[in-house]
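Data first, discussion second: the structure below is written as structure tokens.
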Amino acid sequence: MTDKKPTIEPGWNFDNSYTTLPKSFFSRLNPPPVRSPKLAILNERLAKSLGLNVEALQSEEVIAMLAGNKTPEGAMPLAQAYAGHQFGHFTMLGDGRALLLGEQITPTGERFDIQLKGSGRTPYSRGGDGRAALGPMLREYIISEAMHGLGIPTTRSLAVVTTGESVYRESELPGAILTRVAASHIRVGTFQFAARFCSIEDLRALADYTLQRHFPEIETEENRYLLLLKGVIQRQAALIAKWQLVGFIHGVMNTDNMAISGETIDYGPCAFMDTYDPATVFSSIDVQGRYAYGNQPYIAVWNLSRFAESLLPLLHENEAQAVKIAEDVLAEFSKLYHSNWLTGMRAKLGLFNEEEQDEALIEGLLNMMKEHRADYTNTFRALTLNQPEETVLFGTSEFTEWHEQWKARLTRQPEDTDAVQQGMKKNNPAVIPRNHRVEEALEAAWKEGDYTVMERLLTVLSDPYAYTPEQVEYTTLPAESARPYQTFCGT
């Protein structure tokens, strides 16, 4: 007896261009089936933008596809090979619990990877069970969608499906599979793998494929590999600046977690900073603070140096010349990052033009925030709403002096008060996914099966710059008993 097809086609439109790469870059396999897949949450807006039918995605057959029990028409599931530096140590990696179904071509002609995360063991599993727990998959769903709402390039979450099976970590937990959507899953670690374990022809094939996929405007240029390095550096400089501007801490900036596309990828022990402190670390495994908030720009350039090393054979046949070329380009990161960050900080303070003293004004505020343990997001929110009395800085002599300097600075530009406030609202989120709110939503969802708390949180986070009355309750700080907050590498 054949399975009944859904009455409405789901809208899959798969291409599998990654399979045109040399076979060393992937392993083809179908995921092992799970016992009893059920849809936990579906991102309807994202589904529609991908050209998928929301009703069909909720059918038993398509849920089975999102669980790996069936292969969608046109998909060619594969696990990607890559390597990477994890906390500074090089190791062979690969998709240990994820499978790329293929690339969905949208009605507008865009191409997005569709990946199942938590789909079972692969040749790269390195002793792991290949599965994922429901809590961490829902957490990635929340944080990635919050990042999208903030306007930060990111992978997206299409759905989470429960498996009806348990996974065993410190305790027995419900299993789940996340459907992740990405511009691609090509990582710095993919290039490290090619440079270390493959031929120069394979490395060139990967670089050419990456150019075609992410930098088509330069794929025919004579110095295209140099331009590829420059392009990736530019995108990462812009991305890391955006992270810093909203207080996002990735937590595990290994080279395999840096996407060539310039999207934020792999939401493991990430979190948003409450109290401003450049030394903030949330990850339980980052005991040295390697990936602390203030270190993120430095780690980015370290990772990009590993990318540049991988490209050396393509930059020049003479190794010394290739190294010189790479070093010259890498030296641009600091300037690019700083320019992006300074532009963003000016916007957060309502500054439409540039003055030389702006950086001192910005640093003055940040130093006060650190000294008085002020909340990063809420301080900028209070300034945006012209409610300085709402900050813990209010009443201190240094803040009074700073506030006067800032007000005087605002008068030296043509924009009126209204324009300044509107500009600040576009750059200072009223809400972020605060750690205690995320935990509250996850507890209700995976422990009690109540997704209403999570859905409310997602609605608020989908438009963080709206400054609506509904958002106010989500601006409250965690109780002292909830600090210090720690995150774990559950994803």
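Here the Cβ of each residue, glycine as well, is placed from N, Cα and C on the backbone.
Residues or ranges marked as ATP binding site by Swiss-Prot on the basis of sequence analysis: GLY94, GLY96, ARG97, LYS117, ASP129, GLY130, ARG180, ARG187, ASP266. Look at Swiss-Prot and you will find ASP256 tagged as active site, proton acceptor. Under the heading Mg(2+) binding site, Swiss-Prot lists ASN257, ASP266.
For ASN257 (Mg(2+) binding site), the same-chain residues lying six or more positions away in sequence with a CB closer than 8 A to its CB are GLY84, ARG187, GLY189, HIS250, ILE265, ASP266, GLY268. Taking a C-beta cut-off of under 8 angstroms and a sequence separation of 6 or more, GLY94 (ATP binding site) has the following same-chain neighbours: ALA79, GLN80, ALA81, TYR82, THR122, PRO123, TYR124. Remark: ARG97 (ATP binding site) has LYS117, GLY118, SER119, GLY120, ARG121, THR122, SER125, GLY128, ASP129, GLY130, ARG131, ALA132 as non-local neighbours, by Cβ distance under 8 Å and separation of at least 6 in sequence.
Classification of ARG180 (ATP binding site) by DSSP places it within a strand.
Straight-line distance linking the Cα atoms of ASP256 (active site, proton acceptor) and ARG180 (ATP binding site), rounded to a whole number, equals 16 Å. Sequence-distant neighbours of ARG180 (ATP binding site) (same chain, 6+ residues apart, CB-CB distance under 8 A): ALA98, ASP113, ILE114, GLN115, LEU116, LYS117, GLU140, SER144, THR155, ARG156, SER157, LEU158. Of all residue pairs in GLY94, GLY96, ARG97, LYS117, ASP129, GLY130, ARG180, ARG187, ASP266, the annotated binders of ATP, the farthest apart have Cα atoms separated by 23 Å. Cβ neighbour count for ASP256 (active site, proton acceptor): 24 (other Cβ atoms within 10 Å of its Cβ, all protein chains included).
Packing around ASP129 (ATP binding site) is summarised by its Cβ count: 15 other Cβ atoms lie within 10 angstroms of its Cβ, all protein chains included.
Packing around ASP266 (ATP binding site) is summarised by its Cβ count: 24 other Cβ atoms lie within 10 angstroms of its Cβ, all protein chains included. Annotation note: ASP266 (ATP binding site) sits in a coil segment as assigned by DSSP. Following the DSSP three-state reduction, the secondary structure of GLY94 (ATP binding site) is coil.
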